[in-house]
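Engineer: Dumping the structure here so I can ask a few things about it.
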Amino acid sequence: MDEEAVVKFVETYLKKKGFKQAELAFHEEIQQQNNSNNAVNIHSDPDLSTLLHSLSQPEDSPARYQDEYSKLRTWADSSLDLYKHELLRVLYPVFVHCYMDIVAQGHIQDARNFFNSFHEDHETMHLRDLQKLEGVLSPSHLEEMEFAHTLRQSKVNIKICQYSEELMMQYLRKSKSTIILGIVNEHINFQVSPGQPISISDDPDAVTLIGSSQDAANQINKKEIHWGLLEDSLEERFEKTGGFLSDSEKTEGETKEGDMDENKKRSMDGGKQASIKKSKKDKAASATAKAVRLEAHTVPAAPRVKPELPLPVMQAEVEQSILEDLRNRVQLSSATLPSVSFYTFINTHNSLNCSSISHDGSLVAGGFSDSSLKVWDMAKLGQQAGNSILQDENDAAPSEHVSGPNSGKRSYTLFQGHSGPVHSASFSPLGDFVLSSSADTTVRLWSTELNANLVCYKGHNYPVWDVQFSPMGHYFASASHDRTARIWSVDRIQPLRIMAGHLSDVDCVQWHANCNYIATGSSDKTVRLWDVQSGECVRIFIGHRSMILSLAMSPDGRYMASGDEDGTIMMWDLSSGRCISPLMGHHSCVWSLAFSCESSLLASGSADCTVKLWDVTTSTKPAKKEENKSGNTHRMRLLKTLPTKSTPVSTLRFSRRNLLFAAGALSKSQ
């Protein structure tokens, strides 16, 4: 900018502001300067040059919005980790109002450029709002569209610690970001708290969602849900007939035989030692049975509800088998921990994507990157020589097997049919069927008795990340990259319900114990609960800071646990939709969660090569007065950590007798 242009600019500015006396004085000074030929070289003074460059742009030009927002984004992203997550919360509302301000000035193309430059930063959490915002394309839309009008008229509440707020305001003043400072003052309400920054895991409501989204979530969470157990269920009848004492003499022989079968299943992990552990657990269980019963009586019985879906009729011999398991169930508590049987996949060459264990632990399935599904029968493996089974871990010869000698005969059943990697597998309650989902967008139903593919279910448009049989069989749920979950029945090739509402991939799905609800976990960092009859979302659980990878429902129907990519687990009360307690302890992804049969313990399996056992009863029972006075609200107790040598834990399952099964693939790189 030359001197003549500068003079013209200053004159225009003074005239625009109405500074007449200053304008006259300025003209006189210019004339005197011209007479004396004492010109100022602007380019030799960098400070003056920078100032004039910034002043040469109108105060509210689109370029200044882009420049100030870009600098704020860079500053927040490079700030200290302790305060970073709080400072980043400010970016989204600032982005929204910068865009709408540019639109209000009529610079539509500049507004589009601004949107396209920065919208990807906010897609994970605010995709639905961004889609609406993208439709605001003229100044008239700001008044006509309810979404935009509400945003312009309301303030966003952001919880932030005092030091973070001071850092933010200091930066805005120092960098002379007057536009963003104006947006912050006009459209953001900081709810400042003293002390350290607030963690989102401690405060799920740390950020009030933009516009009416949070209000909508609150409204959804007010809906009534019937979380009780099914009326006239087998467990209820079993309790009414006397529980563990009924027909005990008649089934004594069967019990011993069942224990022998279970020990055979665990032959890979210990043989005689496993049997000794089992007898110790039985003794401990009988010693603490009275205490467990007293503790159970303090929790009110779950209400009974009717099934919303027509359920299959259970055959008499199946009922008898389940009753036998119930009679021989070990009562677990914080004083009586479960025995654990761990199945290790070896020599998988990083091709194992998922694993699943049948309800009695007799079958193990693995889904692989080469589109195959393999199922191992543990009883048959137990009949093979124990020495040759264990040697395979150190064999140089390549093997695809979970275990077993590398003879000509395969130790597994191979199911082929998918045309893409298999991402999930799920056994039916009786183990006679297994479902698999794949990147080829399909779900397949296989018979473990016929060793054949029965049905191919098509409906999703993208890879299917998870599939789960319902607790009663016949129905199953799937979760996909297409941001939907779907309910199916095995006898129909089209989905019965489509659950749409997540803003990103639906990564995992889990059934409620009464089969009337399913829960879905997503990459949008939320968990949703859906009514299977209406297909409506009845709860939204907000609090995770990364994608949800695993879900578990308590068998009593009251609680849900969710695990995420950061290693955080959250316990939720289904009736209120509130987080009871965050569980911190894992250092990597939580891939699997499982509740014990009486809902007293929670097991978690992680990529950090550990299984952790948590005491659920202490975190869910009402707090004592002394605890309230001392402020001890974090009562979730880690009971035990069970490390593996070098095996990330991908699958967990409690059997009906409360034996904990786990599985994972040996990782030699760890």
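Using the three backbone atoms N, Cα and C, a Cβ is placed for every residue, glycine included.
Source: prediction; values computed, not measured.
Features from TrEMBL:
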type     : residues : note
COMPBIAS : 247-269  : compositional bias 'Basic and acidic residues'
DOMAIN   : 60-188   : domain 'TFIID subunit TAF5 NTD2'
REGION   : 242-284  : region 'Disordered'
REPEAT   : 345-378  : repeat 'WD'
REPEAT   : 415-449  : repeat 'WD'
REPEAT   : 457-498  : repeat 'WD'
REPEAT   : 499-540  : repeat 'WD'
REPEAT   : 541-582  : repeat 'WD'
REPEAT   : 583-624  : repeat 'WD'
Engineer: How many helix, strand and coil residues does the repeat 'WD' (415-449) contain under DSSP?
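Structural biologist: Split into helix, strand and coil, the repeat 'WD' (415-449) gives 0 helix, 20 strand, 15 coil.
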Engineer: Which sequence positions outside the repeat 'WD' (541-582), separated from its termini by at least 6 residues, show Cβ-Cβ distances below 8 Å to it?
Structural biologist: 85, 200-202, 204-205, 217, 221, 225, 227-229, 299, 302, 504-505, 507-514, 519-523, 525-529, 588-599, 602, 604, 606, 608, 614, 616, 619-620, 634-636
Engineer: Report, as numbers and ranges, which residues of the same chain sit near the repeat 'WD' (499-540): CB under 8 Å and 6 or more residues beyond its ends.
Structural biologist: 123-128, 217, 220-221, 223, 225-230, 305, 307-309, 311, 465-472, 475, 477-481, 483-487, 546-557, 560, 562, 564, 572, 574, 577
Engineer: Kindly report the helix/strand/coil residue split of the repeat 'WD' (499-540) according to DSSP, in that order.
Structural biologist: 0 helix, 24 strand, 18 coil
Engineer: What same-chain residues lie close to the repeat 'WD' (457-498): Cβ under 8 Å, and 6 or more beyond its ends?
Structural biologist: 309, 311-312, 420, 423-430, 433, 435-445, 504-511, 513, 515, 518, 520, 522, 530, 532, 535
Engineer: Report the mean pLDDT of the predicted model across the repeat 'WD' (457-498), rounded to a whole number.
Structural biologist: 94
